[in-house]
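Structure, as structure tokens:
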Amino acid sequence: MFESKKEGHKMGVISAVAYTVGDIVGSGIFVSPTAILKYSGSVGLSLIIWAATALISLIGALCYIELGTAIRRKGNDFAYLSYFRWRPVATAFLYVSILLSYPSTMSIQSITLGEYIVTGPLMFLNFFSLGKMAAPFQILVTICYTHNFHDSFHGTTHKPGDVVLALYSGLFAYNGWDVLNFGGDEIKDPKRTLPIAAIAGISISAVLYISMNIAYFSVLSLDEFKGHDAVAVIFAEKTLGNFQYAMPFLIAIMMMGSLNTGIFACSRYAMAGAANRVAPSPLAVADTSFFSPRMAVLFEVLVAVGLSFIGDLDNIISYMSFAIWSQRLLTQTAFIYYKWKGYCDWDSAINLPIIVPILFWCICLALLTVSVWKDFYVAIYGLSIIAGGFVVYFLFVFPNTLPRFVHQIEEKLMVITQCIFIAMPIFAPPDSEDIYSRRKEFKTKL
């Protein structure tokens, strides 16, 4: 009965596309344009950067589509690294992600959302000023302000380092293309749904981003563009008149969508760790009505609330970005190795040429190298955080010799959690298929 309910609540194509777009389109459209123009130096190259980063994101998405259609489990990189028997690496990054990476991102999104919710009504009070009623028609004048597109490559940078930094800013805006991989077993017909959702989600986001930037360049001078971190605000002031006061509400809605998909991703990540017995077991419970990991959701929300009291989270986000791209690099390393060996030829999956993951591996390595070159301390702190994840694994997970009272507390928490959330635990079977069983099958065929 539980399995039938689970099947009934799986995500279809439309929901999957909505989740992908919702996770990609967030604060990046308001922050990244300034950074991309700053590093690229010209309007023409900045638009090319937006298109190029969409292509890079699509390459990464294709790699994760193959992994997601073959290894249909929760947990994204954790599930894939565990499948490849890289359990220490998978567990180390799991703890980094569920305790720092994703909760810190959620914390920043929540704080930003709160600021716009508070600011919106205050700004909206000025909407009824009679002296400004003609201002909305200003867009008819400013829309013709297009001299930025004359000689659009004037000022283009010739420094490869600046181009790479511009690409890095663009990739930040497209981050979220792998959100569906966190709920691998909650996707209906993954072989059809994942590619449609990823390609459509990235394409819709790319069209939106490029269109918004063309609109920005049509209205703002380059000096105005470079002088504001959040160009959407000054754009609204120049074009929308009184309707500019609706901007905080629009931004809040977009941030709410990103926050929703962020909660979806990190809660499934935590649940995957618990289901594989490397995280506290109460996180593995799912309610019997909607198959939602409510305890994992509550846990991640509480961690995000706790991190919000730290203050400035920008530095933590930089370190976490280094950790996330390191995890992707290692996932692709394992994937390429076993694909080259011939163990990743899945009948039920979308199989890509090996050049695609190799290309994405090179992109991951380049991004990490640029991070080290730009700020060596980011690499030091990022590696220190990852090392902390390994410490947790070898102290608490690997020996499997925790004191008896710890197991007793865990058992009582499991009972309490099941009663409160009307839920039941979902554990991965101990004989789950992994790359070793695939290798044996491959050798048998030979």
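Note that Cβ sites are derived from N, Cα and C of the backbone, with glycine treated the same way.
Record features, source TrEMBL:
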type     : residues : note
TRANSMEM : 12-31    : transmembrane segment
TRANSMEM : 43-65    : transmembrane segment
TRANSMEM : 86-102   : transmembrane segment
TRANSMEM : 196-219  : transmembrane segment
TRANSMEM : 245-270  : transmembrane segment
TRANSMEM : 350-370  : transmembrane segment
TRANSMEM : 376-398  : transmembrane segment
The transmembrane segment (376-398) vs the transmembrane segment (43-65): 3 or more CB pairs under 8 Å: no
Contact yes or no, the transmembrane segment (12-31) and the transmembrane segment (86-102), 3+ Cβ pairs under 8 Å, gap 6+: no
When counting Cβ pairs under 8 Å to the transmembrane segment (350-370), the leader among 43-65, 86-102, 196-219, 245-270: 43-65
